[in-house]
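**Q** One structure, pasted below without further comment.
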Amino acid sequence: ADDPVKIALVHGLSGSTFEAFSKQSHTGFRLGLEYATDGTMKINGRDIEIIEKDTQFKPDVARAVLAEAYGDDDVLIAVGGTSSGVTKGMLPIAEEYERILLVEPAVADSLTGPDSNRYVFKTSRNSSMDMQAQALALKPGPDLHVATLAEDYAFGKDGIAAFRKALEGSGATIVAEEYVPLKTTDFTAAAERMFAALRDKEGRKVILIYVAGGGDPMGKIKAMQPERYGIEISTGGHILPVLPTYKRVPGMEGAIYYYYENPSNPINDWLVEEHTKRYGSPPDFFTAGGMAAGLAVAKALQSTDDWDTENLIETMEGMSWDTPKGEMTFRPEDHQALQSMYHFKIRVDDDVDWAIPELVREIKADEMDIPVGRNNQE
Amino acid sequence: MIVYAIIGVIGICLLFAPMLFPDVRSQEVAARICIFIVLVASYDLLIGYTGIVSFAHTMFFGLGAYGTAIALRQMGPGWDAVLLGGALGLLASLILAALIGLLSLRVKAIFFAMVTLAAASVMAVMASQFSDFTGGEDGIIYKVPKLFSPATKLLTDDDGKVLRIFGAKANGKMAAYYFVFFGSLILYFIMLRIVASPLGTVLEAIRENEMRAEALGYRVVLYRTAIFCIAALIAACAGILRALWLKYTGPETSLSFAIMIDILLMVVIGGMGTMTGAIIGATLMSLAQFYLKDLMEIASQATAGIPLLPDLLAPDRWLLWLGILFILLVYFFPAGIVGTLSKRGGH
Amino acid sequence: MEQASLRIEDLTIRFGGHAAVNMVTCAFRAGELTVVVGPNGAGKTTCFNLISGQLRPSGGRILKNGQDITALSASARAKAGIGRAFQLTNLFPKLSVLENVRLAVQAQHGIGPVIFRRARSFTRLRDEAYAHLEATRLQEAAKLPVTALTHGDQRKLEIALLLALKPDIFMFDEPTAGMSVDEAPVILELIEEIKKDAGKTILLVEHKMDVVRSLADRIVVLHNGELVADGKPDDVIALPLVREIYLGVPAEDAA
Amino acid sequence: MTAPVLELEGVSTDIAQYHILHDISLSVPDGGVHVLLGRNGAGKTTTLRTIMGLWRARQGSIRFRGDEIATLHTSDIARKGIAFVPENMGIFGGLTVEENMRLATRDGRFEKQRLDRIYALFPALETFWTKSAWSLSGGQKQMLAIARAIIEPRDLILIDEPTKGLAPSIILNMVDAFREIAREATILLVEQNFLFAKSLGETVAVIDDGRIAHTGTMADLVADTELQTRLLSLSLEVSQ
Amino acid sequence: MEQLGSYFERYGGINLLPVILAVIAFVLIGSPSTWLTLTVAGLAMGMMIFLMASGLSLVFGLMDVLNFGHSAFISFGAFIAASVLAALAAWVAADSVLLNLTALFLAIAAAALFGLLAGWVFEKVIIKPVYRDHLRQILITMGALIVAEQIILAVWGGSPISVPRPHFLTGSLIIGDVSIELYRLFAFVLGLVAYVALYVVLNRTRVGLLVRAGVENREMVEALGFRIDRLFVGVFVLGSALAAVGGAMWAGYETLITAAIGSEMMIIVFIVIIIGGLGSIEGSLLGALLVGLMGNYVAFLAPKMALASNMILMMAILLWRPYGLRPAVK
Ligand SMILES: Nc1ncnc2c1ncn2[C@@H]1O[C@H](COP(=O)(O)OP(=O)(O)OP(=O)(O)O)[C@@H](O)[C@H]1O
Ligand SMILES: Nc1ncnc2c1ncn2[C@@H]1O[C@H](COP(=O)(O)OP(=O)(O)OP(=O)(O)O)[C@@H](O)[C@H]1O
Ligand SMILES: [Mg+2]
Ligand SMILES: [Mg+2]
């Protein structure tokens, strides 16, 4: 009867509408542990105790509660946080307390970049994966002309930069890069500019949309009927609540992080079944991500008896484990989990509330060239 | 009288915070309270003492914080970086405050409020767009001088281990806390001095009757600009303390409109035009932000059997209760806590 | 002829199309007390506002001791020695009576921008402020907030502020308006006192004719913003025009 | 003698923490013009506003035709047949003259006959009928304010210093107009201009420092110059 | 210069500003089809903002109440309309204009009804105790806003909600190279109807006269025998209903909404009423159209400036007319 092993989930649970995502992530994490322990919630005979901490989406609060988790609650591993800014603020705390921080579901590449440290692991995807997969889904060739639309800040610019890099050597050209201010709601002007840049081009003409916030640029641009100039729209897949808006673009192709029907593996089957049974709806991005994190923690703890942080780091570097998205691997250099993405094509079925991003093919981790953020091995 | 007793208790709690509340979260809260007391008091110099409504106060706070943060990041964790970055932040605050003040403090109050709102939002956009320096939305992390690193041993016992003073480790963390504490204390005393000085009286006169102050021979625009600059400088100093304490600087911690609203709430809860109000307001608000949720968790569990109540008391709905609490405060304590208490004492 | 301490030339101000003060030219000399009279809305207060700088003229000039001060701000004029008590009580309501006067004393000594000394440590200022309160019989009310004063006492405080500025040009706008019969003499005595100093110029707006008669060296009459009469009290009061427009006695009655 | 239109008994009014009116008792007879005199700040305006319910009496009773109105809402007091012409005239500058007048009617319609009488009294109003009220001169605004009070038949009209800032010729006109109006309504007039008051008033009450200092007929007051000096600080020369 | 100014006044004065803006933009943009697309889009955007802003302006102008909680009505309107549309999904998706319209009408009516009721409660509970005290108004309505957002989160949850658009309003009208989104056309018409209705009520009826008179001097309105407090409630309720309708329209435009929808619009709403001048419907419309057009033109001509353009516009107008273009209270 050892003490339970404590794990902290450090996410934003209040103060922003993103709190719903944190909750999905928590559900997924618990399901992950449940699956890995066959429902016993015990590893190596020790109970697992999960402690939830609310960052309130404020970096200072996040740092305080994470430090509290490591310092006062004495958790072994912390998992979090929801938004990139808040998570970035949390990174040094892990180093200070010399404990592992597993980043999920925040996406930014920089979380495994030079500012990060060797105590940080990341199961969530990053923007480079999104954009590389997106580029691959476009099947780039010399006849492809793309205009990109993104928000005018680091996230948007980095995303487009990754996309540009992914197209390099394929012969495809980017004819315009439009950046709109954050929280833009009217895309008419940007669309007109992109139409102007694309309309006279020969070959395939695509508008690539990479806007994280709301505003529904896809729907609004689609409403301007780009097809009259032979222009297609392409954008990444999205969480379920947003997918109904994709009904307006049947046949659109792109890449998605997760859609519950796409991966085919036993874990995902279990997840979909259990989730639907318990919550009446299929799992979404953050549930899958949370579960991947839960499975990673379980695997690491199961693989070794010595739960000293240094030993855990050693165990996890290069570790491969199964998730609802298939196998993931922590890259030893920057601790980013490499994973598959899914090339989809939108199918509209009137009996389904949302548009279905039907699987075209799985884009395997090794097809993508995800830049290494930092090298922990040095 | 009650007011001074409360202030005394808060003061003592803050002074001995590392010993009284050794847990990590309390440390954070205590440091946050210190910094916000300064920030709120400096804002009160404007809104409470002089009657200037500005929405740009976090901009100056942010300039101090970002100045220090960027210097620490670019130059490495040394005191030279703190000095240089802090000085640059202060200088930028001063110049901006003087410009905004001289250009627009002569116009109507609501216009000035809009100008400051515009300036603040432009600053926020700039911070987001110059992401190479500022880290954009994600902010930047950096190391602070060695003295403040938790690994630093301030005092050691015979075994070379960190000495404990009443259970609190005398390490770099404690050094950082006392740096923040005494820094805030000094700034607070400076402000106390200002409001008790002839300048303070002139400011109140301007608030009460601008035209008459002018008729007595006071150049109102200059005085207003001066206090706007002073408040900006103090806010920037608070920003420097924040940057040093947090080791992270981003829009959410030092530039966002949410902080502006926090400051406004703190000023009002405490009581405008009273330096003591800043202490009470900042303390109460910060405690609510960090602990109301825990309290509700307990309440929610305690009422688990009763229908509906546990739902309403669900900890994630703590903001709902903060909002209701806030409305009630404005109803029943229109002059703020200090204003209401001291009026009662007076009768 | 000795030089005028204050001179206005073609002073004009329009609000919209309406000229509240219209081409008024007039000179005031040190040691002289001029009463400005005129019906309500004649422009007396507006004229004062122009001289003390609360309003900017649409045209004309204002000269003090021969120097053009038209471009100066209100605060600069106060520093230059133009002091003014307001018709509508115009004080710092939430501050105490003493603070009010001390503000004026402080302004007169030019020590506003001092930050790092406590205001209380300037005992000299406080003593001086007390002296002015005593002169206006307000010493007992020193600690009270202005809002607690009666109307009459507020008027007195208004005058205490003016005294504290030690101007060489005094402007009183209906200083005894709204004062009870036993209060008014205090103010009138004060004005008499100031009048004894030959270096001071005094402008007074007053409606009570007995007061006017007892104090005035000279009367200026404004009507519809224009200067319609200027001269010795008896002469001016005797003018039929003045009787009609100001005293309200129809000309035929007066005759 | 008929019963008084309006009776104030022991009315005291506070504004914020100040006691402004102290125990005012006043009786306004039916018909004619009755004057409330007093120097600046004496409390004349406050008295009228208290009658209108714009300030609340702390104590005392106000009866209009025998009904207690001290606790009524201002709009209900107005609907009982009391019109108010405030010190600042209360003109709606953004509205035209016509719209100003229309608001004062009971049902939004003008009665031709009354309108003609008003045009006759104040010809300027007809000229400026469709103009915005802010473009009127001070005197014209005053006329509009008074016209608004008489567009419907009213029992009692409270008028606060109508001659303030008006040219003598306009004041003379006003005297005639008031005589005409007083034939159908009682007027309670607040004045500082004694000459104007003298030519109109039947009874007079003098208010000083929030208290009634004197009541009586106008004729008596006019006859007693010493009383005038004492009460109104009017010098002998002024009233001769 | 003088002459130019007098021409300006003669031919409509400030009403010309949107036209002048459009003409300048025409020259700068060059392509007529793009210009037309942008102009129509901007006008429609302006109308939607107008719907949201007019209520706030009225409430501020007449009641002198700074209601920072206004955005809560926008959010609620959006969510209620979304729920109604979701419940009537079959009608919304049907290929029948009649069914579509009925669903849309019901959604908007539900939002308006909610605005009326909630406005009434809000006035009684939140606003009434703080009349005449701006600072407390700002604070208390801010508190109410926090509470309202939490209620939305509790009721509708934190995930974004997608709003189905009636079938007949999807897609665009394409004329040559000009594309005009149908939904915007509808929003424009609805905004115009609301404006005309408000204009008629305010300018052609006695209630309107009372409202306009009350803006200037409420005591006098009472002294003429009218209950200004009831009028106030009426105006507040109307303002809230307008906000809710505006929110409903905005939800349909955005198609994906979160609880923050109202507060995200607030800055622009404030800018519009400050540009327009407080308390006037005409001013709000003018301000909203200027902001709508400016946003689109600048976003096309100089995307980098798009964010700052509204602020710059506001500054410029305030420097020129410190009380806004057409204030009701002078
Ligand atoms: N700021 C202003 N805007 C518009 N008109 C004004 C302004 N100030 C004064 N006036 C007008 O100018 C005229 C002169 O006013 P002023 O106050 O100077 O009169 P006064 O002679 O002092 O009268 P009183 O004896 O009543 O004090 C009045 O008609 C007044 O309405
Ligand atoms: N809103 C207020 N707040 C505080 N005091 C007030 C207020 N209104 C009036 N007073 C005070 O009440 C007293 C009576 O004022 P009131 O206006 O009734 O006088 P009045 O006789 O009409 O004078 P005037 O001839 O100047 O119009 C004055 O001393 C005035 O200062
Ligand atoms: Mg005057
Ligand atoms: Mg009066």
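Easy rule for this one: first residue shown is 1, then count along the chain.
For all residues, glycine too, the Cβ spot is worked out from N, Cα and C.
The following feature annotations were taken from TrEMBL:
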| type | residues | note |
| --- | --- | --- |
| TRANSMEM | E:12-29 | transmembrane segment |
| TRANSMEM | E:35-60 | transmembrane segment |
| TRANSMEM | E:72-92 | transmembrane segment |
| TRANSMEM | E:98-122 | transmembrane segment |
| TRANSMEM | E:134-156 | transmembrane segment |
| TRANSMEM | E:182-202 | transmembrane segment |
| TRANSMEM | E:231-253 | transmembrane segment |
| TRANSMEM | E:265-293 | transmembrane segment |
| TRANSMEM | E:305-323 | transmembrane segment |
**Q** Which sequence positions outside the transmembrane segment (E:265-293), separated from its termini by at least 6 residues, show Cβ-Cβ distances below 8 Å to it?
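**A** Same-chain residues near the transmembrane segment (E:265-293) but 6 or more away: 14-15, 17-18, 21-22, 25, 39, 42-47, 49-50, 52-54, 56-58, 60-62, 68, 70-71, 74, 195, 198-199, 202, 215, 250, 310-311, 313-314, 317-318, 321, 323-329.
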**Q** Mind checking which residues of the chain, 6+ beyond the ends of the transmembrane segment (E:182-202), have their Cβ under 8 Å from one of its Cβ atoms?
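**A** Apart from its flanks, the transmembrane segment (E:182-202) reaches 40-41, 43-48, 50-51, 54, 165, 168-173, 208, 211-212, 242, 245, 249, 252-253, 281-282, 285.
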**Q** Please tell me whether the transmembrane segment (E:134-156) and the transmembrane segment (E:72-92) touch - that is, whether there are at least 3 C-beta pairs under 8 Å between them, with each pair 6 or more apart in sequence.
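**A** Counting Cβ pairs under 8 Å, at least 3, so yes.
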**Q** For the transmembrane segment (E:35-60), which stretch among E:12-29, E:72-92, E:98-122, E:231-253 has the most Cβ pairs under 8 A?
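**A** When the Cβ pairs under 8 Å are tallied, E:231-253 comes out ahead.
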**Q** Which sequence-distant residues neighbour the transmembrane segment (E:12-29)? Criterion: at least 6 residues beyond either end, Cβ under 8 Å.
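**A** Answer is 35, 38-39, 286, 289-290, 293-294, 297, 300-301, 325-326.
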**Q** Do any residues of this chain, six or more beyond the ends of the transmembrane segment (E:231-253), have a C-beta under 8 angstroms from a C-beta of it, and if so which?
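**A** Answer is 48-56, 58-59, 62-63, 65, 67, 70-71, 73-82, 85, 104, 107-108, 111-116, 118-120, 122-124, 127, 163, 165, 169, 183-184, 187, 190-191, 194, 207, 210-211, 214, 221, 261-262, 265.
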